[in-house]
Amino acid sequence: MAIEDRGDAHLITHALAKDTLSRLRDVETEQVAFRKGLVKLGRICGYEIIDGAMETEFVSIETPLAETTGERVKGLDNVVIINVLRAATPFVEGLLKAFPRAKQGVISAGRNEEAGMDEDGTFPIEIDYTKLPEITGEDTVIVADPMLATGSTMCAVLDHVLAENPEPEDLFVLSAVSAPDGLTRVAEATPEADLLTVAIDDELNDEGFIVPGLGDAGDRAFRTQ
Ligand SMILES: O=P(O)(O)OC[C@H]1O[C@H](OP(=O)(O)OP(=O)(O)O)[C@H](O)[C@@H]1O
Ligand SMILES: O=c1cc[nH]c(=O)[nH]1
Ligand SMILES: [Mg+2]
(Lines of atoms letter the chains of each structure in order from A; the text may use other names.)
(Lines give C-alpha, C1' and ligand atoms only; values in the text may rest on other atoms or scores of the structure.)
(Ligands and ions follow the chains in the order given, each with its own letter.)
Protein backbone atom coordinates (compact mmCIF):
# COMPACT_ATOMS: atom_id res chain seq x y z
CA MET A 1 0.00 0.00 0.00
CA ALA A 2 1.40 3.37 -0.99
CA ILE A 3 -0.36 5.60 1.55
CA GLU A 4 1.56 6.71 4.67
CA ASP A 5 0.37 8.68 7.70
CA ARG A 6 2.04 12.06 7.94
CA GLY A 7 0.74 14.36 10.72
CA ASP A 8 -2.67 15.70 9.79
CA ALA A 9 -2.57 13.99 6.40
CA HIS A 10 -1.99 10.72 4.58
CA LEU A 11 0.70 10.83 1.89
CA ILE A 12 0.19 9.04 -1.42
CA THR A 13 3.70 7.74 -2.04
CA HIS A 14 3.31 5.75 -5.27
CA ALA A 15 6.48 6.31 -7.33
CA LEU A 16 4.46 7.28 -10.41
CA ALA A 17 2.53 9.87 -8.37
CA LYS A 18 5.81 11.45 -7.29
CA ASP A 19 7.18 11.29 -10.83
CA THR A 20 4.06 12.92 -12.27
CA LEU A 21 3.99 15.63 -9.62
CA SER A 22 7.65 16.43 -10.29
CA ARG A 23 6.83 17.02 -13.97
CA LEU A 24 3.90 19.25 -12.95
CA ARG A 25 6.14 21.32 -10.71
CA ASP A 26 8.59 22.04 -13.55
CA VAL A 27 8.14 25.59 -14.84
CA GLU A 28 8.99 24.30 -18.35
CA THR A 29 5.93 22.02 -18.40
CA GLU A 30 3.51 23.74 -20.79
CA GLN A 31 -0.28 23.77 -20.76
CA VAL A 32 -1.06 20.50 -22.55
CA ALA A 33 1.53 18.47 -20.64
CA PHE A 34 0.41 20.15 -17.42
CA ARG A 35 -3.25 19.30 -17.99
CA LYS A 36 -2.43 15.71 -19.00
CA GLY A 37 -0.22 15.41 -15.93
CA LEU A 38 -3.10 16.41 -13.67
CA VAL A 39 -5.33 13.82 -15.37
CA LYS A 40 -2.67 11.15 -14.87
CA LEU A 41 -2.14 12.12 -11.24
CA GLY A 42 -5.90 11.94 -10.60
CA ARG A 43 -5.99 8.42 -12.04
CA ILE A 44 -3.06 7.26 -9.91
CA CYS A 45 -4.58 8.79 -6.78
CA GLY A 46 -7.90 7.10 -7.55
CA TYR A 47 -6.21 3.70 -7.80
CA GLU A 48 -4.35 4.37 -4.56
CA ILE A 49 -7.58 5.29 -2.75
CA ILE A 50 -9.09 2.02 -3.94
CA ASP A 51 -6.03 0.05 -2.91
CA GLY A 52 -5.46 1.76 0.43
CA ALA A 53 -8.89 2.67 1.68
CA MET A 54 -11.54 0.49 0.12
CA GLU A 55 -12.48 -3.08 0.97
CA THR A 56 -12.79 -6.04 -1.35
CA GLU A 57 -15.10 -9.00 -1.14
CA PHE A 58 -14.91 -12.51 -2.53
CA VAL A 59 -17.39 -13.37 -5.23
CA SER A 60 -18.22 -16.51 -7.19
CA ILE A 61 -17.51 -16.25 -10.89
CA GLU A 62 -18.22 -18.55 -13.75
CA THR A 63 -15.53 -18.20 -16.38
CA PRO A 64 -16.04 -19.77 -19.84
CA LEU A 65 -14.16 -22.79 -18.45
CA ALA A 66 -14.94 -23.22 -14.75
CA GLU A 67 -16.36 -21.81 -11.55
CA THR A 68 -13.90 -19.88 -9.45
CA THR A 69 -13.65 -17.26 -6.73
CA GLY A 70 -12.72 -13.70 -7.54
CA GLU A 71 -12.36 -10.44 -5.62
CA ARG A 72 -14.34 -7.26 -6.24
CA VAL A 73 -13.97 -3.79 -4.75
CA LYS A 74 -16.89 -2.96 -2.45
CA GLY A 75 -18.71 0.33 -2.65
CA LEU A 76 -17.69 1.47 -6.14
CA ASP A 77 -21.30 2.39 -6.83
CA ASN A 78 -21.39 4.59 -3.73
CA VAL A 79 -18.64 7.02 -4.66
CA VAL A 80 -19.25 10.74 -4.96
CA ILE A 81 -16.55 12.97 -6.47
CA ILE A 82 -16.74 16.71 -5.91
CA ASN A 83 -14.90 18.89 -8.40
CA VAL A 84 -13.78 22.21 -6.91
CA LEU A 85 -13.80 24.44 -9.97
CA ARG A 86 -11.81 25.13 -11.74
CA ALA A 87 -8.32 23.64 -11.22
CA ALA A 88 -9.77 20.28 -10.15
CA THR A 89 -11.37 19.62 -13.55
CA PRO A 90 -8.47 17.68 -15.15
CA PHE A 91 -7.65 16.05 -11.80
CA VAL A 92 -11.25 14.79 -11.57
CA GLU A 93 -11.10 13.56 -15.17
CA GLY A 94 -8.31 11.24 -14.02
CA LEU A 95 -10.15 10.19 -10.85
CA LEU A 96 -13.11 9.17 -12.99
CA LYS A 97 -10.92 6.59 -14.73
CA ALA A 98 -10.66 4.86 -11.35
CA PHE A 99 -14.30 5.55 -10.39
CA PRO A 100 -16.19 5.59 -13.71
CA ARG A 101 -19.62 5.23 -12.09
CA ALA A 102 -19.11 7.92 -9.45
CA LYS A 103 -21.83 10.46 -8.84
CA GLN A 104 -20.36 13.89 -9.46
CA GLY A 105 -20.82 17.29 -7.90
CA VAL A 106 -19.29 20.64 -8.73
CA ILE A 107 -18.62 23.62 -6.49
CA SER A 108 -17.24 26.80 -7.93
CA ALA A 109 -15.18 28.26 -5.09
CA GLY A 110 -12.49 30.87 -5.55
CA ARG A 111 -10.16 32.85 -3.35
CA ASN A 112 -10.76 36.57 -3.47
CA GLU A 113 -7.11 37.37 -4.07
CA GLU A 114 -7.80 41.08 -4.55
CA ALA A 115 -9.07 41.27 -0.99
CA GLY A 116 -5.76 39.66 0.07
CA MET A 117 -4.98 37.31 2.88
CA ASP A 118 -6.55 38.08 6.25
CA GLU A 119 -4.40 38.43 9.38
CA ASP A 120 -5.33 34.90 10.37
CA GLY A 121 -3.81 33.56 7.13
CA THR A 122 -7.10 32.82 5.35
CA PHE A 123 -8.70 34.18 2.19
CA PRO A 124 -12.32 35.24 1.76
CA ILE A 125 -13.91 32.54 -0.41
CA GLU A 126 -16.58 33.18 -2.96
CA ILE A 127 -18.85 30.26 -3.76
CA ASP A 128 -20.89 31.17 -6.81
CA TYR A 129 -22.22 27.90 -8.17
CA THR A 130 -22.93 24.51 -6.64
CA LYS A 131 -24.57 21.40 -7.98
CA LEU A 132 -24.28 18.32 -5.79
CA PRO A 133 -25.81 14.88 -6.14
CA GLU A 134 -27.69 13.37 -3.21
CA ILE A 135 -25.15 12.13 -0.66
CA THR A 136 -26.10 9.27 1.67
CA GLY A 137 -24.57 7.84 4.83
CA GLU A 138 -23.29 4.91 2.75
CA ASP A 139 -21.29 7.01 0.33
CA THR A 140 -17.55 7.54 -0.03
CA VAL A 141 -17.10 11.22 -0.85
CA ILE A 142 -13.89 12.47 -2.45
CA VAL A 143 -13.50 16.24 -2.57
CA ALA A 144 -10.78 16.90 -5.14
CA ASP A 145 -8.69 20.02 -5.55
CA PRO A 146 -5.05 19.81 -6.66
CA MET A 147 -3.94 22.64 -4.39
CA LEU A 148 -4.57 23.01 -0.66
CA ALA A 149 -2.79 26.21 0.35
CA THR A 150 -4.30 28.17 3.25
CA GLY A 151 -7.16 25.64 3.34
CA SER A 152 -9.72 28.45 3.06
CA THR A 153 -11.30 27.05 -0.10
CA MET A 154 -11.49 23.51 1.22
CA CYS A 155 -12.99 24.61 4.55
CA ALA A 156 -15.69 26.56 2.72
CA VAL A 157 -16.38 23.63 0.37
CA LEU A 158 -16.59 21.10 3.19
CA ASP A 159 -18.88 23.39 5.21
CA HIS A 160 -21.17 23.54 2.22
CA VAL A 161 -21.11 19.80 1.53
CA LEU A 162 -21.67 18.78 5.15
CA ALA A 163 -24.34 21.41 5.84
CA GLU A 164 -26.63 20.01 3.17
CA ASN A 165 -26.04 16.27 3.59
CA PRO A 166 -25.75 13.51 6.18
CA GLU A 167 -22.21 12.55 7.12
CA PRO A 168 -20.97 10.07 4.51
CA GLU A 169 -19.40 6.72 5.36
CA ASP A 170 -16.00 8.06 4.29
CA LEU A 171 -14.93 11.59 3.48
CA PHE A 172 -11.65 12.14 1.64
CA VAL A 173 -10.06 15.45 0.75
CA LEU A 174 -7.67 14.78 -2.13
CA SER A 175 -4.94 17.23 -3.14
CA ALA A 176 -1.76 17.02 -5.16
CA VAL A 177 0.20 19.62 -3.19
CA SER A 178 -0.63 20.85 0.30
CA ALA A 179 0.81 23.39 2.69
CA PRO A 180 1.18 22.43 6.37
CA ASP A 181 -0.93 25.37 7.62
CA GLY A 182 -3.78 24.52 5.26
CA LEU A 183 -3.79 20.87 6.29
CA THR A 184 -3.93 21.86 9.96
CA ARG A 185 -6.79 24.29 9.27
CA VAL A 186 -8.87 21.72 7.40
CA ALA A 187 -8.09 18.94 9.91
CA GLU A 188 -9.21 21.14 12.82
CA ALA A 189 -12.37 22.31 11.07
CA THR A 190 -13.39 18.89 9.75
CA PRO A 191 -11.78 16.14 11.82
CA GLU A 192 -14.01 13.52 10.19
CA ALA A 193 -12.26 14.05 6.84
CA ASP A 194 -9.19 12.03 5.82
CA LEU A 195 -6.74 14.34 4.08
CA LEU A 196 -4.87 12.67 1.22
CA THR A 197 -2.08 14.43 -0.61
CA VAL A 198 0.87 13.58 -2.83
CA ALA A 199 3.17 16.18 -1.26
CA ILE A 200 3.31 18.40 1.78
CA ASP A 201 5.42 21.40 0.86
CA ASP A 202 7.44 23.76 3.02
CA GLU A 203 5.35 26.89 3.41
CA LEU A 204 3.14 29.60 1.96
CA ASN A 205 4.51 32.86 0.61
CA ASP A 206 3.00 36.27 1.43
CA GLU A 207 0.50 35.91 -1.44
CA GLY A 208 -0.72 32.56 -0.14
CA PHE A 209 1.06 30.48 -2.79
CA ILE A 210 2.57 27.15 -1.88
CA VAL A 211 6.40 27.10 -1.95
CA PRO A 212 7.95 25.32 -3.77
CA GLY A 213 4.49 24.30 -5.10
CA LEU A 214 3.75 24.35 -8.80
CA GLY A 215 2.40 27.86 -9.27
CA ASP A 216 -1.23 28.58 -10.05
CA ALA A 217 -2.72 25.23 -11.09
CA GLY A 218 -5.85 26.76 -12.64
CA ASP A 219 -3.89 29.27 -14.70
CA ARG A 220 -1.41 26.66 -15.92
CA ALA A 221 -4.11 24.15 -16.91
CA PHE A 222 -6.45 26.69 -18.51
CA ARG A 223 -3.73 29.02 -19.92
CA THR A 224 -5.17 32.13 -18.34
CA GLN A 225 -1.86 33.77 -17.57
O1 LIG B 1 -6.18 26.64 0.14
P2 LIG B 1 -6.50 27.96 -0.51
O3 LIG B 1 -5.64 29.07 0.01
O4 LIG B 1 -7.93 28.28 -0.46
O5 LIG B 1 -6.04 27.84 -2.02
C6 LIG B 1 -6.34 26.74 -2.81
C7 LIG B 1 -7.30 27.09 -3.90
O8 LIG B 1 -6.67 27.98 -4.83
C9 LIG B 1 -6.81 27.43 -6.13
O10 LIG B 1 -7.98 27.84 -6.73
P11 LIG B 1 -8.21 29.33 -7.29
O12 LIG B 1 -8.90 30.17 -6.26
O13 LIG B 1 -6.93 29.85 -7.83
O14 LIG B 1 -9.26 29.10 -8.43
P15 LIG B 1 -9.06 28.41 -9.84
O16 LIG B 1 -9.15 26.93 -9.60
O17 LIG B 1 -10.20 28.91 -10.63
O18 LIG B 1 -7.74 28.83 -10.40
C19 LIG B 1 -6.83 25.95 -5.88
O20 LIG B 1 -7.33 25.19 -6.95
C21 LIG B 1 -7.68 25.84 -4.66
O22 LIG B 1 -9.06 25.81 -4.92
O1 LIG C 1 0.11 27.63 -4.71
C2 LIG C 1 -1.09 27.77 -5.00
C3 LIG C 1 -2.02 28.27 -4.09
C4 LIG C 1 -3.33 28.38 -4.47
N5 LIG C 1 -3.68 28.01 -5.71
C6 LIG C 1 -2.80 27.51 -6.61
O7 LIG C 1 -3.17 27.16 -7.74
N8 LIG C 1 -1.51 27.42 -6.23
MG1 LIG D 1 -6.17 29.58 -9.58
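Just so it is clear, glycine is given a Cβ too, placed from its N, Cα and C backbone atoms.
TrEMBL entries are annotated by machine, without manual review.
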Per TrEMBL, R111, D145, P146, M147, L148, A149, T150, G151, S152, T153, D216 bind 5-phospho-alpha-D-ribose 1-diphosphate; matching candidate in R72, R86: R86
DSSP three-state assignment for M147 (5-phospho-alpha-D-ribose 1-diphosphate binding site): strand
Local Cβ density at G215 (uracil binding site) - other Cβ atoms counted within 10 Å: 17
In sequence order, those binding-site residues of K36, R86, M147, A149, T153, D216 whose CB lies under 6 Å from ligand 3: D216
Binding-site residues near ligand 2 among K36, L38, K40, D145, M147, A217 (Cβ under 6 Å): M147, A217
Rounded inter-Cα distance in Å - T153 (5-phospho-alpha-D-ribose 1-diphosphate binding site), K40 (GTP binding site): 23
Cβ within 8 Å of the mean position of the Cβ atoms of I210, G215, D216, A217: remaining residues of the chain near uracil: A87, M147, V177, F209, G213, L214, G218, D219, R220
